[in-house]
Structure formats: C-alpha cells, structure tokens
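Feature list (source: TrEMBL):
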type	residues	note
DOMAIN	13-115	domain 'Thiamine pyrophosphate enzyme N-terminal TPP-binding'
DOMAIN	207-304	domain 'Thiamine pyrophosphate enzyme central'
DOMAIN	401-551	domain 'Thiamine pyrophosphate enzyme TPP-binding'
BINDING	N485, G487	Mg(2+) binding site
Amino acid sequence: MTAATPSHGRISIGQHLINRLHEAGLRRLYGVPGDFNLEFLELLVKDGRISWIGCCNEMNAAYAADGDARLSGFGAVLTTYGVGDLSALQAVAGARAECVPVLSLAGLPPLNAVDNRFPLHHTLLNGDYEDVRAAYRPYTASQGRVEAHNAAEVIDRAITDVFQQKVPAYLQLPCDLCDVTIPTPRTPLALDLPESDPGTLAMVTSALAGKISQARQGIVLVDALVARYGLEEQVMDFITRTGLPYALLPTSRTVLERNHPLYRGIYNGRASVPAAPGFDLDSYVAGADCVVGVGTRLFEFSTGFFSAAIQSGAWCNVEPYGLRHGFATPALGKGKVVTGARMGDILRATAQALPAPKAASGPAPKRTLPPLATDKAAWNGAVFWNRIAHFLRPEDGIFTDMGTCSANLAAVDLPEGARFNIQTIWAAIGYATPAVMGQQMASLGLGEKRRHVLFTGEGAFQLTAQEISTMMRHHLNPVVFVINNRGYTVERCILGEHAPFNDVAPWRYAALPKALGEEGRSQSFEVRDQQELEVALAAAENPSKLTLIEVHLEPLDAPEGLWKMGKAIADMDYSRSV
C-alpha cells in the first residue's frame, strides 16, 4: 500500500494535496521553507514521490518552476505567507504573461488566527488576510484557500485551472489543516479542456476550411501556446494537410521543425527573418488573404514594434478553446470570438475537411552558419557570437534573458532539435538563470541527456546569480555564459549610453562558483580573446560539472538590430504626445 492509496475512507488534507500534485505529474517542488509550511514539507519528504528543491529565494524558486513547467508541463513553488508568496509573485506574473502552468502554493497562518484577525508576523498587523490573495488576483486563474469543508474542491480547482488555462493559480494551505482528514475523493482530476461542442466545432471548421480553400495566398503563424498544450504534432499535420506555408514567432523559435519545405522563417513584422535569402516574409504576410494564427499572441516584440501589416479580413487565430477571426462568414458573422471547441480538434477537423494538397515542393531550408573570424580578427561581440553559432548543437536546451544576448541570438540560425527558451513578453532580466536550472532538472527527470546552455548579461545575472549554488548542490552541469560588458548595454542602446545608472557593480564572475559551491562541482573560465574562448568551449563541449564562462566585451558592443530596437523603444516610451 502507498500513500496514494489509503486503507480507509478518509485522508489528511496534506496527503490529498500531495496525491493530487503527483497525479497531475508534478515531480519537483521548488521553494523556500517557512514557519507556515513546515508540516506540509515534512509530509512531502516522508511521502518521497515529489522531490523538494530548496532555492535561495522565492522569486528564483518560481522562475525555476517556470523553466521546469515549460518542459514537464507542470511546475509548482511553495512559499510561506506574505514575505514568501509576495516575493514569488513577480515571477508568477511572468508565468501568467507567458502562459506557463505553475501552481503557487503558500503556507497560511493557522485558520483560527485568520478567522479572528490576529496581528501576526509576516502581515501588516491589521488582521487582513485577504490582501495577498488580492495581490495575486490579476496574475492567477484562481486564488483558493483550503478549509476543511472545501479542501478537495479547492485543491482540484487550482490544479485544473493551471492545466486547462496554462496559467498560474494560487493556493493557500493553513498550517493547522495539514493533518485534518476529509473523505477520500474517488474521482480523478479532470485536467483536459472540456470536450468540443459538436455544433460549435462543425461551424468553426466549416468557416475556417472555407477561408483556406478560397485563399490565393495564405500562411500559418505559430506561437508558443502550441507547445504549452503539447500540440506540435497536430499543428504540423494541419500544415502538411492544408499545404499552407508557416512561420514561427520570436516567442516560438523552436516549437516546430525548421527544415521543412513549407517553413518560411521567423515572423516579426519588418524585423522578420526569412528562412531563405531573398524572400520577403513581411511583405508575404502583408499580402496574404488568409493568415491563420495558431495560439498567436501579438505584441511589440513579435510585430516589429507594430509594423506588422496583416489584413483584418485575412486574420483568424485558433485559440485553445475557440476561434477569433476578422473575416465575415454567414455562420460566424464578422470579427467575433467563437468558443466551445478545442484547438487540436479545430485543426484536425479543418484539415480533414479540405482536399489533399499537392506535396510540398522545393528544397527545405538549410541551416546557415556565419564564417568564423580569422585568428587576427579583433576581439568583439561579432567574433564571439559567430563562434557560438558553430558551438551550439542539436538537442541543446538554450536559455537567455531579454537584452544583448537575445538580440545576438536572434541572428543565430539555431540547430534543428535545439530547444530555445526566453521570457519575451514579461521580459524580466534574471529569469533565465533559475529557469535553466528548473528545466535541466525536468530534462533529467525525463531521462534526457541534453546539454543546457545559458546566455545572460552580467546585469541580469546579478539579480539571480546565487541560484548557481543550487545547481551545484544538485550536481547539475549547465554551461553558463556571462557576458560582462560592464553594465546594462541594452539600456544604453535605449537611453544613457554613458550614464552612471547603466553601470553595475564589478563582480569577479568566474570566481563565483568556487565561492558558492563545493569543491569539484564547477569549472570557470575568463575570455578576452579567441584563444581563451577556444579553451573554454573545448571544456564546455561535454561538461560533467557546472561550467561558467565569463566573456569580456565593451559596454557599447551591440548588434545593429539592438541599436535599432533601442531607438524604437525610446521613441515609443519618451516621445511627447502632448
């Protein structure tokens, strides 16, 4: 008999929560212990099916859960009330913006203290125990509080919300309820979206198939929600069955294969990167009379700062549970959102309703690599990033923060099979360091042998650098490139090229792993020229331990695209409208 199968008709609330988390696929719980969650942690450790990953702070723990969930499909963070869950909230908000399924679980003071409004530590001493739930409300699908009379329902709703909506939920567990028993629930979790309504599905399918069949020039734009719902194969089947070309967005660079004859590149308005030289992807999309988005969420960084010119009558977006469209049909009307059908069902039924297309013709795009610099070339960012394009290999798990690193990686043709992760929408620098830790743990849990590679600027790294100690504690072996350009280069490209507010404290980054971890669990390198880079890359080919490579570059060494983006941001943020 296991903890998941009690021998009687009642079960403790804490054990039921653990059972449900495990049933939903959770294998790692990230967080920081606190006096309101310790009894639950004791039970979790005793149960043994979910590993506890203690982190350096709650924000980092939530970032790690985010990185884990992007691969495993479900992440969770445990904190204590007030000082803990509010620390995690910034990262939870990022998961909401990016549609990442993360449960934020907090230990609450005893229910008696809550009900009687006791002035306790970790509070404002005003007896208000609704304030944190109110803070979480805009960033989570639900904000539940477990009580004896509703424990099973509240726990199940939180987990179901995370799975069905692919956004975070918040759940409070009063610390005195962990061992209170409730009737053992007999029904399994309902994690999938409701079944498609047959009438709605037929109506949406007819309209979408009709639009595609009448199109003179069509294209499919694929975004990250496809990966969140695990629909990569269904989307590729839809593309091949319809014969429509497709493009990915900056938020979904490696979601689908990029060596397919129908692949056209990365769509980003005027900043689009075509798969083949000479092809104008931006103009093609602008001229299309049928643009099918799949889980697409457009904003300034996926539209070339709103330079995307998509005809309103051409546009439709297949959403997780419906269709948003701009074209007119007798059945759907014009410019409406129709709900009641799953994304996968819509794609499958639409493809089946269309005649079989001709086989895709023409050569598949081939990966292009930049020429390597000569030995005598002056050391700069272009030399470094050109070499990195050759260093990256298929199956790498790649993480980066928004900024100089992401701008340079945007020009790198990533190898097929690599998994690219970035927090493009929320764009919180410092995200990538704890997130790569969470994803490598998830990868190892799935039996993968991927190399994980992090590219981060030193300004971003300073926000969350202490989490490399957790990596070493758990014997992880990521390759961590810290680009030391003596400040916030991305901000210098926007405003204040030489301003002191864009400087950061000068750390000795290569010395950090030795200071933060046990002997023998890391290796570090400093790079100031090509020769030192080759030594470091050789050690990073198949590392057995954490490998930190500090790369020294000049403060204003940024690609042309980043300077253009900086100007666009400055124009948008600081142009006077009055």
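Positions of Cβ are set from backbone N, Cα and C atoms, glycine also.
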Please work out the number of neighbouring Cβ atoms within 10 Å of the Cβ of N485 (Mg(2+) binding site), leaving out its own Cβ.
22
For the domain 'Thiamine pyrophosphate enzyme N-terminal TPP-binding' (13-115), the number of residues DSSP places in helix, strand and coil:
55 helix, 21 strand, 27 coil
Where DSSP helix means H, G or I and strand means E or B, what are the helix, strand and coil counts for the domain 'Thiamine pyrophosphate enzyme central' (207-304)?
36 helix, 21 strand, 41 coil
